[in-house]
Amino acid sequence: MKVARFQKIPNGENETMIPVLTSKKASELPVSEVASILQADLQNGLNKCEVSHRRAFHGWNEFDISEDEPLWKKYISQFKNPLIMLLLASAVISVLMHQFDDAVSITVAILIVVTVAFVQEYRSEKSLEELSKLVPPECHCVREGKLEHTLARDLVPGDTVCLSVGDRVPADLRLFEAVDLSIDESSLTGETTPCSKVTAPQPAATNGDLASRSNIAFMGTLVRCGKAKGVVIGTGENSEFGEVFKMMQAEEAPKTPLQKSMDLLGKQLSFYSFGIIGIIMLVGWLLGKDILEMFTISVSLAVAAIPEGLPIVVTVTLALGVMRMVKKRAIVKKLPIVETLGCCNVICSDKTGTLTKNEMTVTHIFTSDGLHAEVTGVGYNQFGEVIVDGDVVHGFYNPAVSRIVEAGCVCNDAVIRNNTLMGKPTEGALIALAMKMGLDGLQQDYIRKAEYPFSSEQKWMAVKCVHRTQQDRPEICFMKGAYEQVIKYCTTYQSKGQTLTLTQQQRDVYQQEKARMGSAGLRVLALASGPELGQLTFLGLVGIIDPPRTGVKEAVTTLIASGVSIKMITGDSQETAVAIASRLGLYSKTSQSVSGEEIDAMDVQQLSQIVPKVAVFYRASPRHKMKIIKSLQKNGSVVAMTGDGVNDAVALKAADIGVAMGQTGTDVCKEAADMILVDDDFQTIMSAIEEGKGIYNNIKNFVRFQLSTSIAALTLISLATLMNFPNPLNAMQILWINIIMDGPPAQSLGVEPVDKDVIRKPPRNWKDSILTKNLILKILVSSIIIVCGTLFVFWRELRDNVITPRDTTMTFTCFVFFDMFNALSSRSQTKSVFEIGLCSNRMFCYAVLGSIMGQLLVIYFPPLQKVFQTESLSILDLLFLLGLTSSVCIVAEIIKKVERSREKIQKHVSSTSSSFLEV
């Protein structure tokens, strides 16, 4: 086995040694020796020059995915379509029968059809590739003595990486610091129980397999508990995960329910189309028509009538919609979620950072002896003052206040550097408070001996320390957390410099003050200190404000009005939670609030009975989210659930739409989620729901257009054959219609701008088919108008009973113009084209103009006239056709107008009856 290797990279006059170290060897060596081999500075990290030199040799910390098959092969594969092969056979037969004009025409048409299909498929693949790049993994590493937030792909061997709960390990690391560290290695070893990690060297005899290397954190594994630091020993394919990656190239993504239904619809239409086409061939042959001509037309009709492009365009529309959502700060990781967004009727949202800004500022202090202090200033900086009875407090001037500040500063993992917070906002607020009093240096005065990390279950954090200058004295514990939890560990309280026994009367005083601060919308933290966790002295309370995000109240109002119920989940007290919810318009007189303890006391059945009326879940933890989701889903709700912590991952997977926070969310949480809010803003959820509804509407518009064209083409040829008319369209003309049907005009319907009124529509029932009765009726009406209009033109031109190029040109152009007007009316199912704006969808305008220009070339350009067997038409002919074909759009607009009028009448009757009942 390879142990270590070195490569010289020229660097001017000097040469840099680039090492590679295996995880087995690194686990056996002391940390100091590993650092020496890697030429790494564990505390200060590498400098930029060293990083660039090492990357020159090792490359980026990512995997090389084998190149896809070349484009020419993908293009050739399009010819494997059975219908295309039949057309090619038709062209070959034409050559053998010396019908060279037909052979050339069919070949040109085949090339155009194949090219359009290839471009569609390539575009679909590229759109999906873009989706996979939306969430690049990130990490924290130390470089040049500073902690940096960087992309995981930037790491090189020798980098120092910091890990915390919820992180995905970005490379193979030899750990040199570990506090209560537990890592889930199931993705690598298959072992579901998290592995405890240490820093001591492992004897060679005991580290044969990966699971036994307890001082190595492997790339791709997940930190479940604790925190650590490690030095990078392997990146990319030189990591242990690199070997696994070679065996687990990504499988093809499963299709979305909508794609599956479109596949099924396509197969059903194909079945019916082949049946009808078979009858057309048989009847044509019995009527004595040319068998080769009938065969070519039938195959061309199959190409046009069978909507093979339906699933591809659906995929492209979904993918392009997802890319539009990115601009609105929402990253959708899985295409099915785009469909689900339009069905969402319940949003369960965390309060902190989603409904509120997550910009914590301490505004009030209450000491254990009843002293009140007001705090000024905002942000993570030293600008502001602590004021007691009108006097500014600084340093240790007021011991009761300074002891609270000391506890909050020492029992803290946050760092504020250059007014930038690195850590949790709540802890940042406590550091900023210490900075205002000039006590932020207290963090460095203590040496930690033990740590009890915060968890959403226990709702407190504690550290055991000794003073740096008094290490011979007993250790002291500092604790901060929810008042109800911290007070359990307290036996005494401070009053005017004295330590007194904590009585029930004193507890009641603190409880009342906590309730008063909470009802003002403040997040309340309790602080304590003492020799042991069970013998702490209560120091007091701090009130932290977290203002609501701008625009959230308006978003909440809009969503509730559209039929989406919103429920707030928070770890705060009832008073704080209800105060914030009321301010946001979430909580009304008829609303209920339920605590985490009450959720524990109920089963899913009991909770499902009251959950529709509950607007606030307070003192709730991630484990309660699972029960809330199940109770809502039991009632038939489609639930979106937000989360940011490791323990939220299970709930996010169980929800119909799991929503992770982009800024505060852990890697585990982001991986479990279906959607990531880049800015952690609740408004972004509303924008995503709006976009989801809009995308679904666009797909309905596209389906309406394509199916009406398919049905019209089939019906036209069928009726002409059964009525013993000459064929109104030849094979090349039918294939041209197919290009329009599957090409740019159709695809441009998928990118129609979202109608702003769509957010006010109620959520869609997820059981509803995309082909509603109303949509089927509109498809049939459009098809009938197109068929009748085209047959009328054909009959009108055929009155001399002799079919000429002019006859087919008029019929062909009539069908194409009908198609363009049909596409125009399909842009919206409810609004007039003038309401949405003729030019609001530029891509549609370009597509229609391009199709019309193409049609004019087919009519007037001699080489194409020969291919499509057309002849020039007069201006009067074109004006006549434009007037006739506009009828499909006019009728569609009349239907929309009637539907809107009927809807207004129903609303008026409904409001009148409700007013009557109230009276």
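Cβ atoms here come from the backbone N, Cα and C positions, even for glycine.
Remember, predicted model here, so these are calculated numbers, not experimental data.
As annotated by Swiss-Prot, topological domain 'Cytoplasmic' applies to 1-70 (among others), with the evidence given as similarity to another entry.
According to Swiss-Prot, the feature transmembrane segment maps to 71-91 (among others).
According to Swiss-Prot, the feature topological domain 'Lumenal' maps to 92-104 (among others).
Taken from Swiss-Prot, the feature transmembrane segment applies to 105-123 (among others), supported by similarity to another entry.
Annotated topological domain 'Cytoplasmic' per Swiss-Prot: 124-262 (among others), in sequence order.
Look at Swiss-Prot and you will find 263-282 (among others) tagged as transmembrane segment, backed by similarity to another entry.
Residues or ranges marked as topological domain 'Lumenal' in Swiss-Prot: 283-294 (among others). As a whole-number mean, the pLDDT of the topological domain 'Lumenal' (283-294) in this prediction is 74.
Marked as transmembrane segment by Swiss-Prot on the basis of similarity to another entry: 295-312 (among others).
Per Swiss-Prot, Ca(2+) binding site is recorded for VAL303, ALA304, ILE306, GLU308, ASN738, ASP742.
Among the features that Swiss-Prot reports, topological domain 'Cytoplasmic' is placed at 313-699 (among others), with the record citing similarity to another entry.
Sequence-distant neighbours of ASP350 (active site, 4-aspartylphosphate intermediate) (same chain, six or more apart, CB under 8 Å from its CB) are MET568, ILE569, THR570, THR642, GLY643, ASP644, MET661, listed in sequence order. DSSP gives ASP350 (active site, 4-aspartylphosphate intermediate) a strand state. Feature annotation from Swiss-Prot assigns active site, 4-aspartylphosphate intermediate to ASP350.
Sequence annotations record features per position, and here Swiss-Prot assigns transmembrane segment to 700-719 (among others) based on similarity to another entry.
What Swiss-Prot records for 720-729 (among others) is topological domain 'Lumenal', and it gives similarity to another entry as the kind of evidence. Sorting each residue of the topological domain 'Lumenal' (720-729) by its DSSP state yields 3 helix, 0 strand, 7 coil.
Residues or ranges marked as transmembrane segment in Swiss-Prot (evidence: similarity to another entry): 730-750 (among others).
The topological domain 'Cytoplasmic' feature in Swiss-Prot is assigned to 751-770 (among others); the stated evidence is similarity to another entry. Mapped onto DSSP classes, the topological domain 'Cytoplasmic' (751-770) shows 5 helix, 0 strand, 15 coil.
Per Swiss-Prot, the feature transmembrane segment maps to 771-793 (among others). If one looks beyond the transmembrane segment (771-793) by at least 6 residues along the same chain, the residues whose Cβ comes under 8 Å of a Cβ in the stretch are 265, 700, 703-704, 707-709, 711-712, 715-716, 719-720, 728, 810-811, 814-815, 818-819, 822, 825, 829, 881, 884-885, 887-888, 891-892, 895.
In terms of DSSP helix, strand and coil, the topological domain 'Lumenal' (283-294) has 8 helix, 0 strand, 4 coil. Taking H, G and I as helix, E and B as strand and the rest as coil, DSSP gives the topological domain 'Lumenal' (861-875) the counts 8 helix, 0 strand, 7 coil.
Long-range Cβ contacts of the transmembrane segment (809-828) within its own chain (Cβ-Cβ under 8 Å, at least 6 residues beyond either end) map to 697, 701-702, 704-705, 708-709, 712-713, 716, 728-729, 733, 736-737, 740-741, 745-746, 749, 752, 755, 782, 785-786, 789-790, 793-794, 797, 835-836, 841, 844, 848, 851-852, 855, 859, 868, 870-871, 873, 877-878, 881-882, 884-889, 892-893, 896.
For the topological domain 'Cytoplasmic' (829-841), residue counts in helix, strand and coil come to 4 helix, 0 strand, 9 coil, using DSSP. Residue counts for the topological domain 'Lumenal' (794-808) under DSSP (helix as H, G, I; strand as E, B; rest coil) come to 8 helix, 0 strand, 7 coil. Listed by sequence, the residues of this chain that lie at least six past the ends of the topological domain 'Cytoplasmic' (751-770) yet keep a Cβ under 8 A from its Cβ atoms are 258, 261-262, 317, 320, 340, 342-345, 558-559, 561-564, 638, 686, 689-691, 693-701, 703, 827-828, 831, 836, 840-841, 843-844.
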